[in-house]
Amino acid sequence: AQENETNESGSID
């Protein structure tokens, strides 16, 4: 996971 709104797959919400 990352510090922003990205999931493990890298898709941004």
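Along the chain as shown, residues are numbered 1 onward.
Using N, Cα and C of the backbone, Cβ positions are placed for all residues, glycine too.
Taken verbatim from Swiss-Prot:
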type	residues	note
CARBOHYD	N4	N-linked glycosylation site
CARBOHYD	N7	N-linked glycosylation site
CARBOHYD	S9	O-linked glycosylation site
CARBOHYD	S11	O-linked glycosylation site
LIPID	D13	GPI-anchor amidated aspartate
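S9 (O-linked glycosylation site) carries neither a helix nor a strand DSSP state and counts as coil.
Packing around S9 (O-linked glycosylation site) is summarised by its Cβ count: 5 other Cβ atoms lie within 10 angstroms of its Cβ, all protein chains included.
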